[in-house]
């Protein structure tokens, strides 16, 4: 699950008298009486309890020669090309941060004459070493664990194409077998960790009644998870109550992480994947394993990187598809993690913010800065479609499309928001 953390850099934050009301606009300036301010504060990386990280992290795994690294390299390169002014970066050779494609940003930017556009971002990690026997030291051994435990979701690339020039590690294309191999390695790692944790719980003694209740909940949950793992089922298939979920969360169990199976097909199968028998296997297994699936072509993604941006849409259309695999992967990840987007838009910038579906307006404001949540008064809100049809915030207000929402308001996908708050 996405961790409740968020990193945001806010510069030139003007502080005003603590009891005055302020209207947040996305240039990160607190408006008030002209020339009446106390000082300027520069904020660097901060983490806030009600938020998700500004950059989601998805780990890409798969057996050798399934197209894992080809897909990673192509998706990251495509994301870099689409990012425009977004500060793309490759943290390490196997890690890349790319912008989340969202055509709504450009529309809002034009309507508000924004100086810049800041999209949401997602971090992809090409996780090596996850092969048969990895949990017992094969390949890179357990080195993959340090990378995979840190991700919010796992993208498991599964080969669904035939190619005599690319030898399959097991001699033949078999999605079911490939998925079993990867999942068993994750299960073995979880079983090892759970066994050690249960031994420790059996030997230890809780210091107080509250700790005892939590330890008992953890032990009960781990025993049920252990039974499921021994049956070949992932930890996420086990029904846990809120106390049990909280008790086992610190273990970061690998099979508890949301999984998306990425069916990697040939270029010729991209438009009609349902005709590919391998894809149908992946589709069935993903449902059985409480997961999701998406169809991409690493070959097509790689070819896209060699084309100018203006020619990419034409090329995709010629294949019978409307968007690249990057968009498919991100949309599937957002859906699986229960995430959505809201916007702030003004002259300084138009920005996309990622939140959990079901968050209230104060919690959504907290993604920007904790003070916005603590001192929340109300949120001036307009749906994206209404904003676009009205043509401006002023016009939306005149037409009664701009709403003043309070603390109980549940933010909807695509809301354009301005926050009023006290500090």
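Every residue, even glycine, has its Cβ placed from backbone N, Cα and C.
According to TrEMBL, the protein carries these features:
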- 56-316: domain 'OBG-type G' (DOMAIN)
- 65, 66, 67, 68, 69, 70, 265: ATP binding site (BINDING)
- 338-421: domain 'TGS' (DOMAIN)
### Query
Which residue counts does DSSP yield for the domain 'TGS' (338-421) in the helix, strand and coil classes, in that order?
26 helix, 33 strand, 25 coil
## Note on the structure
Model confidence for the domain 'OBG-type G' (56-316), as mean pLDDT, reads 86
### Task
Would you mind checking how many other C-beta atoms are within 10 angstroms of the C-beta on residue 265 (ATP binding site)?
26
### Task
Measure the Cβ-based neighbour count of residue 69 (ATP binding site), defined as the other Cβ atoms within 10 Å of its Cβ.
17
